Amino acid sequence: MATRAPLAPPPNETEASVSRITREGKKLTYKLNVMQQPERARACGAGAKSSADRRPVDPPPVVELRVYESDPNDDLNKTDITFAYNANFFLYATLETARPMAQGRFAPNPTCPVLTGVPVAGVAYLDRPSQAGYFIFPDLSVRHEGVYRLNFHLYEETKESKDANENAPIQSLSNPMPSKPMAPKSFLEFRLEVVSVPFTVFSAKKFPGLATSTSLSRVIAEQGCRVRIRRDVRMRRRGEKRTDDYDYDEERVYRSSDRISTPDTHGYAGTPVERPRSTSTSTVDPSFPYGVDAQRRSSGATEYGFQGAQPYQRPLPPAPGPAPAAVSTPAPPAPPAPPSHNPGYQSHLSFGSTQTQYPAPQLPPTPQTASTLAAPYSPHPSYSHARNPSTSAEYETPGYSYPPSRMSTERSSYPKNGLPPLRLEPPKPLNMPSGEPRSSDPNAYHSVAQSAAPRSQTPSSSLVPSLPPLKALSGDYPNNLSQSSSSTSQSPSHDLGAGKKFFWDTGASLSKRSYEDSFGHDDRPLYNGMRPDTESYPRRLSDASRNFYNETRDEMAYKRANGRMATKISPALQ
């Protein structure tokens, strides 16, 4: 069977020219040359989203125009007048199939044109690659796949009457009535047509990709024309060993490999470094309900260089004689006492303080005498402080005592209803600077109290007098130690003077106490070394305090930070 011979290319493929005689008898020759042929395109379809994913014909077609002038009898001597010729040129592109197809009897009309984009281009006079007029089509797309050609039709608009055709009628360009608009008298005349070589329109699956921009496109773009320049290769390679239509996007591989970065082993400077755990001995007990806050405060104490709170152990009775006034090292702790029948003895109003995590102090086997000056009762286990008073921002404990008349009968209710912590801080020794941390040894404060040394000057020194020694108060309740050890699991007793009343109503209640009733008049934290009796803070009395003031105006008894009880005139009554 004989094969069909290939179709002969049309005579106007790539190049075409035409000549005409002007009214002055000169011969003008128009020559079109398709300098950059279209090679490939991707079908964009005809749907609603076709314009969003449209690929232009690659490379963009570029057609060169040259105009020559010569004598009608001498075609050898031609003069290039492309830049000097005064006229407007337009090139209109259409699409046709490369292989003509016979039409059917009832061929339906196409619903939409196959060629889309901008099919019209004006002339651009450029100096490179040569001085000529150029028509550029950077935005041409084809909707359906197949093999096509582009037809370029040249139209001219003459501006001077001498350049019109020799047989054309003379038209008056003057307007007799300038005030009235006149119909346009300019006309576009068709000059010639040129076709491109066949190119293939691929489907989206088979499209090989866009190639690198050609040198002609770069030269044209450098002179200000709108041409898309692609400096990277976007051709997809097909595998040689496979026969199916597998497309390999090399550019995608390059882009993904460029995103891979070596991990920084030195760490990013902007990433916050996690703070190490605190080495303080005030670790959080698992049963403590405020463990998160306790960890935060213990870490803050380590961060500022403070020593964490040590578990308080009851020291041995001190020997007679003066003790060192400034002792910054805590006493060596004794073995802790075994837990009582209520190991979860905690205050529900401690508000983040960590004093309730320490075991209760152990009682001595015999009652204390006046010479030993035993530590009085505390609703919370006592512990020594080793922090800077200028940076203290945590809640302190209120400085109120408890009435002796109700102490023996209501001692068993202390483990059930946690009492508020005390707020009073121990007095500073005479030879200790105000900026240094307070000593954590109770013996140091004991010796200072025995010698009745004056306190260091504070902003409220005029309001708080020196405290007398309390040796006479230690023997008021000799039998309370044995009674309280059986009911409150080895808790020290109060050392109160006779006739002293308490500020707190410690009776059992059916509901929780309010914050105001628990913390008394000073319900704010202490900052910059302030004391609870400083006038900088307003005094706000609780209901129990106001009831006490109405009943008596006697001295009040309060507990010192080192465990001793002291009496003085209430500042609110002065």
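Yeah, the Cβs are placed from backbone N, Cα and C, and that goes for glycine too.
The compositional bias 'Basic and acidic residues' feature in Swiss-Prot is assigned to 513-525.
Residues or ranges marked as domain 'Velvet' in Swiss-Prot (evidence: sequence analysis): 25-230.
Taken from Swiss-Prot, the feature region 'Disordered' covers 1-22 (among others).
Only residues 6 or more beyond the boundaries of the region 'Disordered' (39-60), in the same chain, are considered here, and those with a CB under 8 A from a CB of the stretch are 111-112, 116-117, 136-145, 150, 199-204, 207-208, 210-211, 213-214, 217, 227-228. What Swiss-Prot lists as region 'Disordered' is 39-60 (among others).
The annotation region 'Disordered' is assigned in Swiss-Prot to 255-500 (among others).
Feature annotation from Swiss-Prot assigns region 'PEST' to 457-501.
The feature region 'Disordered' is assigned by Swiss-Prot to 513-540 (among others).
Sequence annotations record features per position, and here Swiss-Prot assigns motif 'Nuclear localization signal' to 39-44 based on similarity to another entry. Looking only at the motif 'Nuclear localization signal' (39-44), the predicted model's pLDDT averages out at 90.
Secondary structure of the motif 'Nuclear localization signal' (39-44), assigned with DSSP and counted as helix (H, G, I), strand (E, B) and coil, comes to 0 helix, 3 strand, 3 coil.
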